[in-house]
Amino acid sequence: MISQCLSLLLWWSSISFTGVGFPELSQDLDLAVVSNLSCSEVHIGGVNGTFNSSLWLLETTTPSTANCTVNAEVLGSNFTILADALLPPSRVALQKSVDGACYSTEVAVGPCDVSVTLEKLELSEPNFLLDGVLSGYKDTVATQASKMICEKVPSYVASELMNRTLNPPAPHPTLLAGAAPLERLKLFRALASIARNAPPLFGVRFAVSSLDGTTLHVHMAFPGSPHLRLGFSPELERILGKLDVALRVMELASAADSLKQLLPMLKKGLVVLDVPHSFNASFEVVFHDLRCAEDGINCTVPRAGGIALQNIRSENLGEWDKVITNIAGPFVSSLLTKALDEYLQSDNTTGPRFLVPTLPEEAVNQLPPMPYAAVAVVVAVLLLVGTAVLSVWRHRRGEPVTTDDGLPLTLKRALLEDLFLMLLVVLTAIGFTWCLLTTIVSVVAGGEVHYMSFALLDTIWKTYDAGLRALAVLMFTFSAVYPYLKLVATVVCTLILQRPEMLLLRIINYLGKFALLDVYSFIALSMTLQIDGLIEVKYHSGFYVFVSTTLISIVVGNYATHFWRRGTSLYRCDKLLEQSAPYEAEPAHDEGGVCSLEGCKHNAWTRRRLVAAVASGIFVAACVLPAWILPSIGYKIHWVIPIFKEEVRRLSLFSLATLNWSFFVVCFLTVGLVPLVHTIMFPQWMLLASWCAIDVLLVACVAGFAQLESNVAPTARNKLSAFVSTTPYLYWPLILLLICTVWLWLLAAENTFQLSRRLRAWMARRKARHSS
């Protein structure tokens with residue numbers, strides 16, 4: 001049993017309606033029978049309303065007006081009468097009591113103070129004689145109307161409250177030949193999935209289903225003790241302003257204009273609703289003759305009666321079920337259906353049928369165009385053949401390239417190394433071009449509709465268009481331009497100039513890791529756009545091609561600078577690498593087993609080197625591990641309409657990496673294992689320096705997240721920002737990553753420019769000058 005019932009308080013300074021009709025009205029006024037009352041415009045003054053288990057009170061505090069027409073039958077003749085009515089401040093009350101289920105057991109009509117004044121009463125078609133009769137009959141009609149309101153309306157409401165019979169649901173229209181069933185449409189499946197998986201909206205759980213292929217049934221489950229207070233506030237005005245922008249971005253200008261017309265009404269009203277128990281409600285949207293394209297997204301309906309609202313019902317509200325289902329529901333349905341008809345006919349740019357506004361789906365290109373594949377194969381074959389010809393020509397010309405043993409380089413080795421290097425270059429170029437022409441990731445709404453799609457260049461452009469200009473420039477430089485420059489420089493420095501130790505090539509190889517900037521940017525994209533049950537980021541084959549190609553591009557630089565022609569006369573620093581080994585053979589001993597002076601010195605150096613390697617590894621681990629374990633990045637999603645609870649979500653690097661298995665592999669290698677091994681083995685295995693991408697992660701996080709805080713105006717290219725925005729948070733573990741990045745850059749500078757040796761030489765020269 002329900003111990004408490006729904007209570008409703010409302011206040012409105014004024015409210016206006018258009019197109020209000022009462023077609024079932026029929027009343028005998030002695031001299032005439034009036035029926036089919038229709039009001040083109042109704043303006044109600046200040047309204048106070050109190051509705052609870054013991055009292056229903058409705059009063060107006062300022063005059064109200066109505067411009068209406070009514071059919072009148074006089075002496076067997078039918079006429080249409082125009083009437084302008086004025087209603088002074090009025091009051092109607094019902095005293096009542098309810099049982100434990102919130103159904104009325106007694107209803108008594110209270111004081112009724114209604115006095116209608118007719119300012120105009122005339123025929124729609126002028127008639128001198130009848131208009132004169134009506135003019136003298138105005139006071140009588142006004143008196144009869146006031147009497148009818150006080151006698152009929154309260155009594156009708158009282159009888160309806162005592163009658164617990166609910167009207168049956170309105171029937172659903174049948175599916176016409178050629179019309180599209182709702183359940184087969186991609187958009188409907190997306191909507192049903194969102195409703196099924198989304199968190200509660202204002203605490204309300206939604207469910208969507210299709211009835212007879214023509215009717216969208218929306219069921220709403222309200223939680224226990226819902227409380228609603230709706231009134232104007234600066235926050236509401238701000239929300240409505242953002243919603244207006246969002247609708248215009250979605251090319252729904254007419255809906256935005258309707259919203260602006262609604263704003264003055266909201267500024268003058270207040271509604272407070274309390275329900276001390278859970279209840280359910282539902283409504284239905286009927287689509288007549290819905291016809292859709294093959295994509296299931298672009299659909300049209302007839303402009304007249306194409307979309308209608310019906311069957312507004314409630315459950316578990318006691319007598320309010322009767323009020324909502326039998327009285328308020330049909331009234332509101334007719335008003336909204338009429339408003340929908342006006343909206344559908346307001347824009348005739350699409351002909352006799354109205355294009356239903358939807359989430360526009362963007363194309364997803366899984367494969368590049370066939371001409372690209374043909375051109376890529378031809379160019380690859382030409383480059384490989386040209387490389388083979390160049391290697392054979394150079395070998396036969398007798399260029400002096402020898403091994404460390406002084407033997408000439410064999411043609412077989414030259415061909416294998418050159419062809420393998422060119423094959424890596426070709427694969428990398430094809431991979432990056434593939435990513436320029438195909439979709440990398442897409443934002444999917446409801447598991448069905450690809451709301452936004454991103455190719456490589458498109459991602460950069462959308463990032464720039466969203467206001468993240470610094471990040472967009474970096475992404476364009478290192479993901480769209482730099483990879484090709486790196487490949488060209490690699491081919492020139494190795495196959496043409498045969499100078500694998502060129503400083504330019506080594507620097508290019510080291511900076512090649514910044515091609516991973518897009519990968520880490522997609523991590524941020526996944527984090528900020530992924531909303532469970534609503535929006536997910538789907539990774540396509542182009543994304544995995546991009547990740548693989550980026551890693552191959554790093555391998556290209558490693559192979560060109562460390563393995564191509566290794567152990568030949570083209571390398572001058574091999575001896576230095578051998579002398580820098582961290583673990584040497586046992587030091588020399590004399591015949592008595594005593595360590596020689598030179599051997600003992602070398603042994604001490606080895607121990608110092610081992611201690612330095614362990615200390616460096618511990619330092620890097622101490623800088624990296626907190627970011628993997630503790631929250632490093634956080635964000636809060638702000639909705640234009642605060643429909644979901646806004647919470648700060650804090651993520652560690654491990655949480656970010658597990659969003660996708662390829663993320664995890666890349667992050668684990670470049671921001672975990674490789675930096676640790678590189679610092680321990682330094683200066684050996686210097687090829688690992690180009691795999692240490694902690695700095696790339698920091699650039700993606702700091703440059704991207706810092707600019708997300710700026711207010712960006714939504715555009716057609718950045719539609720998602722019309723609905724949601726993100727506030728980023730960066731936490732202290734990123735500072736440790738920055739310190740680690742500085743240390744790794746110092747190691748790279750030491751290996752490339754021999755800073756410590758130059759410093760010792762400078763100090764020695766300075767000491768020598770002071771001594772002399």
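Note: Cβ is positioned from N, Cα and C throughout, glycine not excepted.
Quantities reported herein were computed from a predicted structural model and do not represent experimental measurements.
The signal peptide feature in TrEMBL is assigned to 1-21. For the signal peptide (1-21), the residues of the chain that approach it from at least six positions outside its boundaries are 36-53, 62, 98, 100-102, 265, 268-277, 316-318, 320, 334-335, 338, judged by C-beta separation under 8 angstroms.
According to TrEMBL, the transmembrane segment annotation covers 372-393 (among others).
Long-range contacts of the transmembrane segment (419-446) within the same chain: residues 189-194, 359, 362-369, 372, 376, 379-380, 383-384, 387-388, 391, 452-457, 459, 480, 483-484, 487, 490-491, 494-495, 522, 525-526, 529, 534-543, 545-546, 548-549, 552-553, 555-556, 559-560, 564, 720, each at least 6 residues beyond the stretch ends and with a Cβ under 8 Å from a Cβ of the stretch. Summarising the annotation, TrEMBL assigns transmembrane segment to 419-446 (among others).
Counting same-chain residues at least six beyond the ends of the transmembrane segment (466-498), those with a Cβ under 8 angstroms from any Cβ of the stretch are 387, 390, 399, 401, 418, 421-422, 425, 428-429, 432, 436, 456-457, 459-460, 504-505, 508-509, 511-512, 514-515, 517-518, 521, 550, 553, 556-557, 560, 564-565, 570, 699-700, 703-704, 707-708, 710, 712, 718, 721. Under the heading transmembrane segment, TrEMBL lists 466-498 (among others).
Feature annotation from TrEMBL assigns transmembrane segment to 510-531 (among others).
Look at TrEMBL and you will find 543-561 (among others) tagged as transmembrane segment.
Sequence-distant neighbours of the transmembrane segment (610-631) (same chain, 6+ residues past either end, Cβ-Cβ under 8 Å): 582-583, 650-654, 671-672, 675-676, 679-682, 694, 731, 733-734, 736-737, 739-740, 743-744. Residues annotated as transmembrane segment in TrEMBL: 610-631 (among others).
Under the heading transmembrane segment, TrEMBL lists 651-674 (among others).
Per TrEMBL, transmembrane segment is recorded for 686-708 (among others).
Long-range Cβ contacts of the transmembrane segment (728-748) within its own chain (Cβ-Cβ under 8 Å, at least 6 residues beyond either end) map to 510, 528, 616, 619-620, 622-624, 626-627, 630-636, 648, 650, 653, 671, 675, 678-679, 682-683, 689, 692, 694-695, 697-698, 701-702, 705-706, 708-709, 755. Residues or ranges marked as transmembrane segment in TrEMBL: 728-748 (among others).
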Same-chain residues near the transmembrane segment (651-674), Cβ under 8 Å, at least 6 residues beyond its ends: 513, 516, 519, 522-523, 526-527, 530, 539, 543-544, 547, 551, 624, 627-634, 688, 691-694, 696-697, 733, 737
Long-range neighbours of the transmembrane segment (543-561), counting only residues six or more past its ends (CB under 8 A): 420-421, 424-425, 427-428, 431-432, 434-435, 438, 440-441, 456, 483, 486-487, 490, 493-494, 500-501, 505-506, 508-510, 512-513, 515-516, 518-519, 522, 662, 666, 687, 690-691
